[in-house]
Amino acid sequence: MALASFTARFKQFVTPDALRSYLAEFISTFFYVFVVVGSAMASRKLMSDLATGPSSLVLVAIANTFALSSSVYIASNVSGGHVNPAVTFGLAVGGHISVSTALFYWVSQMLASVMACLLLKVATVSQDVPIYTIASEMTGFGASMIEGVLTFGLVYAVYAGGDTRSGPLRSIGPLVIGLMAGSMVLAAGPFSGGSMNPALAFGSAVVAGRFKNQAVYWVGPLIGAAVAGLLYDNVVFPGHVSGRVNSDGTTGV
């Protein structure tokens, strides 16, 4: 009986619509990570003596803005365009997607990030893949707080960008989300890296083989995402369901 129930539930998450949503998350996350990590590698290649300077920070922030806006847009009608395990977690906590769907999304996002970083390493003839690190004078707790605040702002922008009451302005939701991410990178890049995305930090760490302070890029963003979702739905706009509900039960901007 239990096996039959499990089988029936599992089949709900391997329908054609569900599989398309997982693939959409994989594709959008792949290109987002490819651009963000690739821009950091390109900056280091062109300006090796200024790899951590202001020019590099601006370059990565601009790449983050363009990449996230585009990635959210291309997947929004299929999977909701999460492109980030923290966004998925925030929407799951808010009840917009099921926990099971969120787990499948996580697998797609994490695999896409690892594949993007691996491709960069192989295609650039084994150049080092940069990882997210915290400033030497900072503690892990402080860096987690920063990443949590950054992710709160990002996920709050995701909720606001998908608000059905925005009218015509809702069409620029992906752009707003990208601009928020880019500005956050400019604000916190020198301190915690401005990841806001556990998959982004995880993929580069796996390929580079260095996991120091990896918890910073999970704990802070997941807490920040959950608080943003709960605050938006229950305090700022109580009783209002933001976002588009797709055919597979997912929610997008």
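Including glycine, each Cβ sits where the backbone N, Cα and C put it.
Bear in mind that the values here come from a model prediction, so they are computed numbers and not experimental data.
Straight from TrEMBL, the features:
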{"type": "TRANSMEM", "residues": "22-43", "note": "transmembrane segment"}
{"type": "TRANSMEM", "residues": "55-75", "note": "transmembrane segment"}
{"type": "TRANSMEM", "residues": "87-107", "note": "transmembrane segment"}
{"type": "TRANSMEM", "residues": "141-160", "note": "transmembrane segment"}
{"type": "TRANSMEM", "residues": "172-195", "note": "transmembrane segment"}
{"type": "TRANSMEM", "residues": "215-232", "note": "transmembrane segment"}
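Sequence-distant contacts of the transmembrane segment (141-160) (same chain, six or more residues past either end, CB-CB distance under 8 Å): 84, 86-87, 90-91, 94, 134-135, 166, 173, 176-177, 180-181, 184, 187-188, 191-192, 194-196, 213, 215-217, 219-225, 227-229, 231-233, 242-243, 253. Through the fold, the transmembrane segment (22-43) approaches residues 51, 55-56, 59-60, 62-64, 66-68, 70-72, 74-75, 78-79, 81-84, 104-105, 107-109, 111-113, 115-117, 119-120, 124, 127, 129-130, 199-200, 203-204 of its own chain, all at least 6 residues removed from its boundaries and within a Cβ separation under 8 Å.
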